[in-house]
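**Q** Features from Swiss-Prot:
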DOMAIN    1-141  domain 'Globin'
MOD_RES   SER3  phosphoserine
MOD_RES   LYS7  N6-succinyllysine
MOD_RES   LYS16  N6-succinyllysine
MOD_RES   TYR24  phosphotyrosine
MOD_RES   SER35  phosphoserine
MOD_RES   LYS40  N6-succinyllysine
MOD_RES   SER49  phosphoserine
BINDING   HIS58  O2 binding site
BINDING   HIS87  heme b binding site
MOD_RES   SER102  phosphoserine
MOD_RES   THR108  phosphothreonine
MOD_RES   SER124  phosphoserine
MOD_RES   SER131  phosphoserine
MOD_RES   THR137  phosphothreonine
Amino acid sequence: VLSPADKNNVKACWEKIGGHGAAYGAEALERMFLSFPTTKTYFPHFDLSHGSAQVQGHGKKVADALANAAAHVDDLPSALSALSDLHAHKLRVDPVNFKLLSHCLLVTLAAHHPAEFTPAVHASLDKFLASVSTVLTSKYR
């Protein structure tokens, strides 16, 4: 459960990310594809090369979804309901992949904002991404 301090850290982090969200999302996806090659199987139609328009576009979708989740941190199930349906019923993404992408997002954010990525912020973002992952996998049955 996210504490009030966690929620403040998450919102402050997303404000700091600002217009860089799409680039960070794409970078995190690239990290995931390189570090965990099995994740590529969900994107057979994508050009997965560095800087490809498709990876950039999906990175923006990831960033936009997380920004929406951060803005609605008190009601993640409602904010992410459509995405949960999509990933569970249509895309059938293995739930472990959300953890892998979350890890890559944390690495990306730490690399770009080392001064702000304190242990408390790291813990808050980790809890937030775990909560998002839990909601996204809640309809897997």
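The backbone N, Cα and C atoms fix where each Cβ goes, glycine too.
Burial and contacts for the listed features, if you can.
**A** Neighbour count (other Cβ atoms within 10 Å of the Cβ, all protein chains): 11 for SER3 (phosphoserine).
Around the Cβ of LYS7 (N6-succinyllysine), a 10 Å sphere holds 16 further Cβ atoms from the protein chains shown.
According to DSSP, LYS16 (N6-succinyllysine) is assigned to a helical segment.
Mapped onto three states, the DSSP output places TYR24 (phosphotyrosine) in helix. In sequence order, ILE17, GLY59, ALA63, LEU105, THR108, LEU109, HIS112 constitute the residues six or more apart from TYR24 (phosphotyrosine) in its chain with CB-CB distances below 8 Å.
Within 10 Å of the C-beta of SER35 (phosphoserine) we count 12 further C-beta atoms, all protein chains included.
When secondary structure is read from DSSP and collapsed to three states, LYS40 (N6-succinyllysine) falls in the helix class.
Cβ neighbours within 10 Å of SER49 (phosphoserine), excluding its own Cβ and spanning all shown chains: 10.
A simple way to gauge crowding: the CB of HIS58 (O2 binding site) has 17 other CB atoms within 10 angstroms, across all the protein chains here. Classification of HIS58 (O2 binding site) by DSSP places it within a helix.
Sequence-distant contacts (6 or more apart, same chain, Cβ under 8 Å) of HIS87 (heme b binding site) comprise VAL93, LEU136, THR137.
Cβ environment of SER102 (phosphoserine): ASP126, LEU129, ALA130, VAL132, SER133 lie under 8 Å away, each six or more residues apart in the same chain. SER102 (phosphoserine) carries a helical DSSP state (H, G or I).
Annotation for SER124 (phosphoserine): same-chain Cβ neighbours under 8 Å, separated by at least 6 residues, are LEU2, ALA5, ASP6, LYS7, ASN9, VAL10, CYS13.
Cβ neighbours within 10 Å of SER131 (phosphoserine), excluding its own Cβ and spanning all shown chains: 19.
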**Q** Quick one: of THR108, THR137, which of the modified residues has the smallest count of other CB atoms within 10 A?
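**A** Checked THR108, THR137; of these modified residues, fewest Cβ neighbours within 10 Å: THR137.
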**Q** Any idea what the model's mean pLDDT is for the domain 'Globin' (1-141)?
**A** 94
